[in-house]
Amino acid sequence: MVKNGSHLDAETLAMLQNKAISITLPVVYTMVAIISIPGNFFSLWVLCWHIKPKTPSVIFMINLSITDLLLACCFPFQIFYHIQRNHWIFGKTLCSLVTVMFYSNMYSSILTMTCISIERYMGVVYPMKLIKWRRKRYALGACVIMWIFLLLAFYPLESTDLTYEVKELGIITCFDVLKWEMLPNFAAWVAFLLTLFVVLFLIPFIVTVGCYIGTIRKLIQTSSRYGNKQKTRSIYLAIIVLSVFITCFAPNNFILLAHMIVRLFYEGSLYPAYKLTLCLSCLNNCIDPFIYYFASKEFYQKFMQVFRPKVPLSDSLETRRESLFSGRTMSVRSMSSGPMDGLEGVKICLQRQESVF
């Protein structure tokens, strides 16, 4: 962070010349791109063309997969930038676009995983009481609102020239040196950073943890209804999502908060550590397909058909239990409502054939 007319401090100059960062980031981004691009293309293919009907969870997973692929489009620019020792040659407009997409991916992934956890919680703990909220149009609306909110939150990055010419090194940086004028005053900087940390990370993390604890507790209490296989898949899903939060997202967000506190109040810097934690935040692109694997029974079945075709697919007792449960639910809805309500209940319960787990 630099003010008009001031020179970069020694710590920032040292960070821009740090060989560990210039080597580590391109290597990690390349590996993530190699793994995540085919994985997310396969996921998108399965989710869009092989899973019907499109339940709320599927809508959220499609949103997550598209977000991951958009981030993959940013990797070539980031890789070239760091190979060139933090020298940006693509202009200020592309710098802003790549930066916004890079950070939108992380926070969109966080919010989408939170939406999936809420949808799972409603489907397991309150399957009938909250069924009207588990509809496709609400999931689509949530995705649209999510992206509008993110674009508004990152408006300072969208409307500011994020490039900076470092005359001492003869390079032009992209986002590595922020201009103080990006926001009007000190209070605006504090509000911006707290929004990123509290609203886009801390609150979603707490909600996600609470939803999965409630979901797993309910599954354990009603294991005879859902079956051990579905309970196990739900537990695996919870473990993977929480691991992504703790491993991929938490280090970056906590280091960012600590760095900005040190920068704003003590004129120090934790930016090298922050840059390295960006590698961790990108790893979620490789992990997301595993979330789909455990979140959707149909995705799991398609995966097995493609990669393990000789293994017979059989849901046996688990499928019969789920079908029996869906049938009971449908009957109750039909008998307790009017004619149109009964038809709506049948339609909704048919959607339950796509596993709520």
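Quick reminder: no glycine exception, Cβ is built from N, Cα and C everywhere.
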Cross-link partner of Cys95 (disulfide, per Swiss-Prot) out of Cys143, Cys174, Cys211, Cys248: Cys174
Same-side flag (membrane), Ile21 vs Val166, source Swiss-Prot: yes
Same chain, 6+ residues apart, C-beta under 8 Å of the C-beta of Cys95 (disulfide bond), given in sequence order: Trp88, Asp161, Leu162, Thr163, Cys174, Phe175
For Cys95 (disulfide bond): DSSP state (helix, strand, coil): helix
The topological domain 'Extracellular' (258-271), counted residue by residue under DSSP: helix, strand, coil: 10 helix, 0 strand, 4 coil
Cys174 (disulfide bond), number of other Cβ atoms within 10 Å: 23
